[in-house]
Amino acid sequence: MSFSEEVQRHSVHTLVFRSLKRTHDMFLSCQGMLPPIDEEAEKIKKLVKARDCYGLVFDKVERNKINMKKSQPNHPKSDSLDIYKDNHLPLAITDNPEKVNKNTETSMVLSSPSTQNIAAANRLINHIMPKPKWHPPWKLYRVISGHLGWVRCVTVEPGNEWFATGAADRVIKIWDLASGKLKLSLTGHVSTVRGLQVSPRHPYLFSCGEDRQVKCWDLEHNKVVRHYHGHLSAVYSLALHPTIDVLLTAGRDSTARVWDMRTKANVHTLTGHTNTVASVVAHEFEPQVLTGSHDCTIRLWDLAAGKTRATLTNHKKSVRSLVLHPKVYMFASASPDNIKQWTCPDGKFIQNLTGHNAIVNCMAVNSDGVLMSGANNGSMYAWDWRTGYNFQRMQAPVQPGSMDSEAGVFAMAFDNSGTRLITAEADKTIKLYREDDTATEESHPINWKPDIIRRRKY
């Protein structure tokens with residue numbers, strides 16, 4: 001005998017809702033009414049965890065206290081140890097919260113060293129950190145208008161007679177360095193020109209842009225003689241090796257590419273970055289190639305092998321600019337968090353140059369040890385390379401008719417004498433700066449006050 005019963009059909013939404021409700025009802029009894037927390041058990045749990053994690057620290061602190069008492073019996077403590085007089089105060093990491101003094105004013109003694117301690121520390125800092133070299137301030141002396149879009153790159157030719165700029169108007173313009181007059185305009189790119197370099201050994205100008213093109217211009221005939229094809233997206237930076245005929249480019253496809261200048265062959269594709277490569281520089285000695293990326297890392301490359309030599313991960317934000325010192329075996333990197341200095345060849349961190357609180361787009365350094373940095377908000381800072389002292393802050397003025405928001409410095413370069421600075425800016429102008437001849441150490445003194453708070457941050 002068989003029975004047939006019609007099954008009622010429900011939508012998927014209804015079935016899922018019913019399942020959720022049944023699950024909720026099932027676990028409500030055991031999860032909705034949990035027993036109260038046992039504070040004593042929680043305290044024991046935290047103490048066990050603290051002892052397990054920081055036991056070595058506790059033991060070392062106790063040994064140091066015993067050693068200090070043994071080494072100075074019946075003698076008054078020196079000024080340099082005033083900060084340790086109140087041994088009854090709790091440590092930042094303590095194995096017994098019961099010992100913590102509830103008087104907050106007393107517990108702050110550890111963070112308020114005496115004036116004698118500060119003076120002693122400053123004497124030590126003066127010994128370790130030498131006084132910065134005096135540099136005359138820089139002043140604007142010429143503004144050149146001619147481009148119809150943001151000026152994105154600038155380079156000075158080896159003879160120091162002219163310089164070239166590239167802009168969002170897709171035109172490369174060549175200007176006389178002494179007079180600031182336009183000598184030549186080169187057209188051929190179909191999008192923003194982002195990088196320019198003049199070869200010191202050949203009559204060639206190299207350019208790259210957001211149109212994925214890398215071009216070689218013959219300056220004797222003012223026309224393109226070679227194209228370097230391979231980048232899959234915009235090309236943001238370009239560099240020439242100082243001693244061999246090798247061209248380096250980097251861009252938004254997260255790679256840097258090594259080209260044979262004459263045969264146009266893609267010798268190496270340097271892969272490893274996970275985001276746009278914003279800057280590439282070439283060095284005569286190891287590391288011969290350095291790249292900075294929006295993935296917050298700097299990579300030092302072995303050019304012969306085409307592989308990463310070292311990866312520097314100290315920056316917390318995008319690295320938009322790298323610059324090599326012309327005399328010292330060092331380089332600097334710029335990021336919105338700060339500017340960092342490193343030594344070659346292994347990328348050992350030296351110091352931070354803090355204070356430029358903006359998106360730093362570009363840097364330039366001359367042989368006199370003046371490091372300039374330019375940012376998205378039009379601010380320009382001048383630093384002493386050796387000590388990291390910020391001796392001047394400038395705000396680039398926008399040309400008449402522009403909005404204040406168009407004050408942005410995209411690129412900068414010193415001329416070959418190091419006495420003139422050329423900047424490429426968002427108000428479509430090129431600005432030239434030079435040292436103030438009338439400035440003296442008395443009129444512009446070094447305001448350098450070493451502080452115990454100043455320290456290296458890794």
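Glycine is treated like the rest: Cβ placed from N, Cα and C.
Outside the repeat 'WD' (144-185) by six or more residues, the chain places 191-198, 200, 205, 207, 209, 217, 222, 399, 408, 410-417, 420, 422-426, 428-432 with a CB less than 8 A from a CB of the stretch. Taken from TrEMBL, the feature repeat 'WD' covers 144-185 (among others).
Residues 149-150, 152-158, 164-168, 170-174, 233-240, 242, 245, 247, 249, 251, 259, 261, 264 of the same chain, all 6+ positions outside the repeat 'WD' (186-227), place their C-beta atoms under 8 angstroms from a C-beta of that stretch. Summarising the annotation, TrEMBL assigns repeat 'WD' to 186-227 (among others).
As annotated by TrEMBL, repeat 'WD' applies to 228-269 (among others). On the 0 to 100 pLDDT scale, the repeat 'WD' (228-269) averages 95 in the predicted structure.
With helix defined as DSSP H, G or I and strand as E or B, the repeat 'WD' (270-311) counts 0 helix, 22 strand, 20 coil. Per TrEMBL, repeat 'WD' is recorded for 270-311 (among others).
For 353-393 (among others), the entry in TrEMBL reads repeat 'WD'.
Note: the repeat 'WD' (353-393) comprises 0 helix, 23 strand, 18 coil (DSSP; helix = H, G, I, strand = E, B). Sequence-distant contacts of the repeat 'WD' (353-393), counting only residues of its own chain at least 6 positions beyond either end whose CB sits under 8 Å from a CB of the stretch, comprise 129-135, 137-138, 320-328, 332, 334-336, 338-341, 407-414, 418-419, 421, 423, 425-426, 446, 448, 457.
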